[in-house]
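K.L.:
Mind having a look at this structure? Questions to follow.
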Amino acid sequence: MEKHGSAAGLQSGLPSPSPRDRLFSPDSHMDVQGYKWVRWRVWLCRLAAALSLGLLLIVFHWRPRFAVLARCCSCPVALADILLIRDSFDQHHVVEVHTEEMEDGSLELMAELEDNECRDTVQLHKEEKTLLRYYLFEGLRYIWLARKGAFCRVSVLNENWTCKDLYDFQKGLSPLEQSLRRRMYGPNLIDVPVKPYVKLLFEEVLNPFYVFQVFSIALWLADDYYFYAVCIFIISVFSIGLSLYEIRKQSITLRNMAQFVTNVTVRRNSGAEECMSSEELVPGDCLVIPQEGLLLPCDAALLVGECLVNESMLTGESVPVLKTPLPTGEGRYSSETEQRRHTLFCGTQLIQAKGWGSSGAVAVVTSTGFFTAKGSLVSSIMHPQPIDFRFYQDSGKFLLLLGLVAFIGTIYSIVVLYLYNVTLLSLVIRSLDVVTIAVPPALPAAITTGTIYAQRRLKSQGIFCISPPRINICGKVSVFCFDKTGTLTEDGLDVWGVMEGGAAGFSELVPDPGLLPPGPMLSGLACCHTVTLLQGQPLGDPLELKMVESTGWSLQEPEGDGKVLDAEFGGHRVLAVLKPPTRGTSTSEAVAIVRRFPFSSALQRMSVVTVARGGHSALAFIKGSPEMVASLCRAETVPAQFSSELGGFSSEGLRVLALGYKPVDGNTDLRAIERGEVETDMRFLGLLIMKNLVKPESAKVINVLRLANLRSVMVTGDNILTAVNVAKGCGMVESHEKVIFVNVTPQTAQSGPRLKFSLDEGGAPADQTSIVTRSAFDYHLAINGKSFVALCNHFPEYLPKVLLRATVFARMAPDQKTQLVKELQKLNYRVGMCGDGANDCGALRAADVGVSLSEAEASVASPFTSKTENISCVPLLIREGRCSLITSFSLFKYMALYSFIQFCSVLLLYTVKTNIGDLQFLYCDLVLTTLLAIVMGGGGPSEELHPGRPSASLLALPVLGSLLIHACLIVVGQLAAFFITTSQDWYVPFNSTLFGAANLPNMENTSVFSLSALQFIIMAVVVTKGYPHKKPLFYNWIFLCVLLVLFAVTTWLVLYPGPVAGRILQLYDFFDMEFKMLLVAIAALNFLMSFVAEVLVDRGLLSCFRLLRGRRQSKKQYKRLNVLLSESPSWPPLNQTLSPTEYSVIQCS
């Protein structure tokens, strides 16, 4: 971070301070400014606060930036007491800089730590003291690094650790070094603050909504509206109490999930082991993990042994993962790369740990507190990104619009009241009262009602949401990405058969691997996996479980210290033993796994090293994607028919894996052998073919989305032909549609980058160009991960066009999935992502709507978690999102019209020196409006997805036009009631020197109140939307019943209130029944005209005004690009080899 600028400048040349996704690293683009306290300014602000009766302090609470600018002066960051941080979302935060004196003797250790980066020395009392300057922001600690001239994340001190550095920490830290690191890194806690009720109350009361309520209540009390003010006060107290309870309950729930302290065993540099609290752990501590496992309190790199870990809390993936020791070497360590399989993450449950001998596993702490993977996710929940959604943005603008209406009404009130010569106090109170009417304080709370109802319905369907505002965004999703395995297809795989291969070609397909003759192929199938035993039961990836089961071999793991098995296999450290079945005449021998390199999505492979009894015949086996395995095998061992056979199986939708092996030199130290040395110069063994069936629900859901004009995209790590076959099987690609493959060759030393579109993955004959009727868009593009990266790097001008038409993205690594989601968002798509939560975590979090299919309700892998094991939750989520959005619109319009009805009534009655009574206000606000607003959000979504998405703009022409029409009808209705009353023969105008409610009851008030009360009910019916995104009104039977009861009561008050109700509500008793019926008739006519107007607006009545301004281009890039592509019949250019300099660009202006 710069002294007065961007963090990027000073950290140039440094790796990213955190290995986490930048999506959750807002400090990567933070602007930091330093300030020092100025004493006279502080005292001046205190005086101003006292003179303003605390109003200045409220402003400072709402805008902390103003408080800093008023009390402090700017200074270099190095000397600052206070920092003003502006994040990448343009939000300001104020943090205090802490200074801490370090212990004696720490200076030398700090000089050794990261080349003296963290030392800051000053002269105190003529003695050199070591000071640590730091601040805390969103749980993360930032320390001052003098050499860089900036505050940097404390994790910068260990981010460049190599694997060799981690192994050096295996000997343990000294007590002094551990103490120093603890002072620098802080406690190992993911501390979710649970504020006391007094502080919560203070913060809640200072919310602008409640400040406005306090202002309104004080105004009503001054105007003698005692009963109304007391009722509103009681409701506000109840609302605040409920809000405080919910906030504190959520904080406690999150703290219980996040904060965890236990006792752990660490190794000191003296060789002794020490039991300590996990709160005292620091990066560099050597952690000894017991065999029975534990709930991990930090992130750690596994150095010795193997651990079986349940990561469902972080990823939503319920299948335990086997973690293996970190490879040695000079490579930089990163838990987000292929070294993830060697990293134990905070918050995950270690089911069992296997060390060497009788001891447990050994790991080195790499991250603590909020710098852990769990801490990063908890931080994203505590400090969510601002949601870029037009509905929420327009809400604030609409409140400003209502404020303008209130200002006009205030001016009118002042003029009318001045003409009546009312007192100055009465003029001020009456004018301000108009503001409390025109701007409803309950508006922000009311529009969340629909979201609350939707969240409850989703929970009852097994869909859990940790970000309720995203429910409305579900209603605007325009493209949904799906993982393949476990999402569109079944988790379980059935072995289809095995084909051995070699230089002579492939053998016949063997349906049962157990029938293979003894040899490397059978041994590879039995050994190349990470299956482990838990309480005697095999546990692991479903694919590997099926593979091992098909061979008939049995798994055995070392017991006790394992020395018996080690001695049996030549003294090698044995991880597991695979024994052949005893039946038949099998001549296969037991094989021991002595080294394991687990599967990596980025590498697309895994490997093991095995030995036979006595330690002889060391072999290395590799298993992975056929293309990757073939590239690592000697070319002469790969059959010539490899590509054709692979293409044939993949095009049938079969899952294909390849195996290879090679002998390992007996003199090689198998404990220290590197992965790169093992996975090279292999010999091709053959193919394992597995059947992965499409889930029966997948095709139905994809068809529902297609009919609703929602685009579906498959993002998978599998082979591209297999993915295309599954896309056809589930309906993403229909039978009459063609698939065009996008092949991008990256730049090499011999040639530049090349791009080619073809109807066959390996290239197509030239005459196939005419097969595709491209103008009709009856084609889909398919691309793999390597081509996608090359396309982004070398052909950015083609990327948007490929994204617009691509349906299949194959061989995509986890980071490529995340990149795809972000690229789609750049085209203004609202992107949904559905996956199993394992390799899709980044994409699930980056998407506007992420859905993890998991049984873990507490998973923080994505905003939505579904316990349903198929994608049937996706249409439900979209329907609920649309229903919630429609309900929010209805409530917003209703609250705005409710304010306008009361606003008109008050201004109209001001002209005749009267007003609405205390209990009349109470009846309209509480009995009618509040009750209707609460039950209006009920009902459910429509059973079908409509092809059109609802609007998200409150300032769109249909919304504003509808409100304007209703406002005009409301004014006309009230004026009609008023003038019909004054035109009656029996009308007697009252003559009073008083003003306002003191003149009640009177004819004018009763007629206007009667019509306005009916208008509240009318508008509730008119703005409540049903088809096509929500069930009709009569399905919401609670709302319907309340509506009928309130209509009956209000009609009774109009026609025959009786002496008791008339006296309580201060209603004038009209003796003319025909006149009363006429008031009801006016209300009925008002309802009819409003209802017809709303229907016509919904049917596009106001679209004629758009014709006057001419047809405009859509603001969404993907829609504009779609139009341009439809006018380009030559797209895509089939069978042409394109280079970055040879293209015709279709640009979006």
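Backbone N, Cα and C atoms are what each Cβ position is placed from, and that goes for glycine too.
Pasting the relevant annotations from TrEMBL:
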DOMAIN    27-144  domain 'P5B-type ATPase N-terminal'
DOMAIN    163-219  domain 'Cation-transporting P-type ATPase N-terminal'
DOMAIN    263-381  domain 'P-type ATPase A'
REGION    1-21  region 'Disordered'
TRANSMEM  40-62  transmembrane segment
TRANSMEM  227-247  transmembrane segment
TRANSMEM  398-420  transmembrane segment
TRANSMEM  891-913  transmembrane segment
TRANSMEM  919-940  transmembrane segment
TRANSMEM  952-980  transmembrane segment
TRANSMEM  1034-1055  transmembrane segment
TRANSMEM  1075-1097  transmembrane segment
K.L.:
Is the count of Cβ pairs under 8 Å between the transmembrane segment (919-940) and the transmembrane segment (227-247), pairs 6 or more apart in sequence, 3 or more?
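P.N.:
Yes, the transmembrane segment (919-940) contacts the transmembrane segment (227-247).
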K.L.:
Could you tell me how many residues in the domain 'P-type ATPase A' (263-381) are helical, how many are strand and how many are coil under DSSP?
P.N.:
24 helix, 46 strand, 49 coil
K.L.:
How does the domain 'Cation-transporting P-type ATPase N-terminal' (163-219) divide up by DSSP, counting helix, then strand, then coil residues?
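P.N.:
Per-class counts: 41 helix, 1 strand, 15 coil.
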K.L.:
Taking only the residues in the domain 'Cation-transporting P-type ATPase N-terminal' (163-219), give me the average pLDDT of this model.
P.N.:
84
